[in-house]
Amino acid sequence: MASLVYRQLLANSYTSDLQDTIDDISAQKTENVTVNPGPFAQTGYALVEWTHGDITTDETVQQTLDGPYAPSSVIIQPQYWVLMNPETADVIAEADATNKKYACVMLAPNTEEGDKQYTILGRQITINLGNTDQNRYKFFDLASENGETYSKIQELLTPNRLNAFMKDQGRLYVYHGTVPNISTGYYTLDDIANVQTNIKCNYYIVPKSQTQQLEDFLKNGLPPIQESRYIMPVERSVQNIYRAKPNEDIVISKTSLWKEMQYNRDIVIRFKFGNTIIKSGGLGYKWSEISYKPMNYEYTYERDGETVVAHTTCSVAGVNDFGYNSGSLPTDFVVSKYEVLKGNSYVYIDYWDDSQAFKNMVYVRSLSAEFNAINCTGGTYDFQLPVGQWPQMRGGNVTLNSDAVTLSTQYTDFVSLNSLRFRFKPAIGEPFFEITRTRETRLYGLPASNPMGGNEYYETAGRFSLISLVPSNDDYQTPIQNSTTVRQDLEQQISDLREEFNQLSSEIAMSQLIDLALLPLDMFSMFSGIKSTIDAVKSVTTSVMKKMKTSTLAKSVSTITEELSDAATSVSRASSIRSNASVWNNLVDTRTQTSVATNDIATQTSRIASKLRVKEFATQTEGGLSFNDISAAVLKTKIDKIETVQPKILPTIITESVDKFIPTRQYRIIDKDIAYEISNSGKYFAYRVDTFEEVIFDVEKFADLVTDSPVISAIIDFKTLKNLNDNFGITKEQAYNLLRSDPRVLKDFINQNNPIIRNRIEQLILQCRI
């Protein structure tokens, strides 16, 4: 049988030679190297760690206390508190709105009650005010409708020379009361957002999000650092207004060998979604997969008078798997899996261009980026059925919003590029998508069937900024640029080979596959069909055996071997010898020794099924076909179909085939006229062999049978057998041969083009994916 190759690999996977061990040790050797980069970033200390820099999030951190600012006339932005810190008792703020005039004055402690004269908005006014408190200052809010007569509205009594106001929602908010019992009130001023405020004392700006901290200042005073003689108030008007340029290269710091450069770039991103559509074999009514795949795109655009050559790679993560199944007949329309971008997904766009910013992108910090939103609308895809009107998947929409940026590496056919990875978060929108002529309608997201929607590419504009440590000599390029590790190259080749492997599933002829599954494949015949390995079969086989040690199957064999040894020891030492059945029960799981009344049969059977594969290796029946035979035959067929494959990739591919081929398996044990069938997915059946009538599944009986009865791969499972019998009718002999997975009978049904048997074998082949 073809599964002989797996037996040989497992039997020899524990051998190793001394040279391999030496190579492994040398590959793991590391060295500590100390580098003194010099006084960068305006500090006298060497850098501790260079990483990808800041990662943007949707959280904005604002400065708590901004200032102090000198007296000035400004239009304060809404939702920012102005914290005033006057030195003398006088008018400290005034505002001239259309419907009302506003002013705030401060009185020092021990100020007698009486008429006070102030200049408010250019006019001399007189008002009766006073502050009899011995230690605290008093702030008065004054208001007037004509600008001549003012009246007191609110008062604030405080030991600190601090008061605050804020514009928000068309209102002017102020504080009143006696510290610490203070609260806010508000006045309504017309067009307050555009009203200029004359602030006649030093002041600070505090964001609304820090209101709690502001009230702490009002109650307890400013922190000591704000009262330092080294803090000098400045006019807001002296701030430089700087207009950013599309290309900026700014020297942050520099020494003889290295310098820090800040690169700011306005960029245009264009990208394409890639997709893969795999149609199942058979009559042409079934699709096995519609999925996204990475897609490269190269383009040029103009920036600041120069032509920029750019390269992008678009990939997705966190996609949602959907499926549609209209029935079990071979002519029923089925889409086993199609991927959809939704709100929990991510879109990654790796960007590189030929500018100076990417020349030495090795040590980077302070990385940030922002982009315009991208609207992506899906197109249509026709499911071309052999007969009848075609269903059509159409519609779908997401809007991609900029979410984060990190460093990355892009792979082209010739070189790997240090690049920036921009992460976008989709937000679903209209229109919805649907599959016409089905019940699949009013679904939201962007399906993988036609994500481009007729567009050649999607485009957005944005800007990124980063600070990079580069050589002071601009002609020198860091050696790591445009390089990649051997492991990265290997992973890329393995990824490409996986995709090619999975696409070959629909090209396998079933009758030839059965013949191949019956052949006693060994390691030499498995690998000798590859042109590039004809002269290196021995080395390839050795590498595969070494890699096989890490497979899940090899670990299961080792674990169960130890458990069997422990079980045998416990039997020999026990005072009363137990049956072999009880030993196997303990091996499988002590919880399987329960009564039929246990409501967790599915969990128990799935645990047993996961270990029956190992038992099948040791007790495979003569003449019966197993899942491992089909897996090995598919593996051999696909290897032969691939024109070129690197020998160093084969160990990973073959080891993955052992663990991942046909993930859903059913195993069968026959006891006289009753067949017991369990699946590693938790499904279980017990039925009569002659009539396929279901009976009660006896867990204890099944556990006893596991010990002495051979384990049979249920190539044709119970549901398929019942469907075959109901639609075509089969004899008792045919039924018994199918239960034993007799390859001759399977091939007869396939040659007769029996749609039910062919569909079952096709599904097994399609499960041979890595």
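Cβ coordinates come from backbone N, Cα and C, glycine included.
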If I go by Swiss-Prot, the feature region 'Hydrophobic' sits on one of 28-48, 385-405. Which?
385-405
Considering the disulfide-bonded residues CYS314, CYS376, which residue's Cβ sits among the greatest number of other Cβ atoms within 10 Å?
CYS314
Taking DSSP helix as H, G and I and strand as E and B, the region 'Hydrophobic' (385-405) has 0 helix, 13 strand, 8 coil
Can you work out the mean pLDDT of the predicted model over the region 'Spike body and stalk (antigen domain)' (244-475)?
88
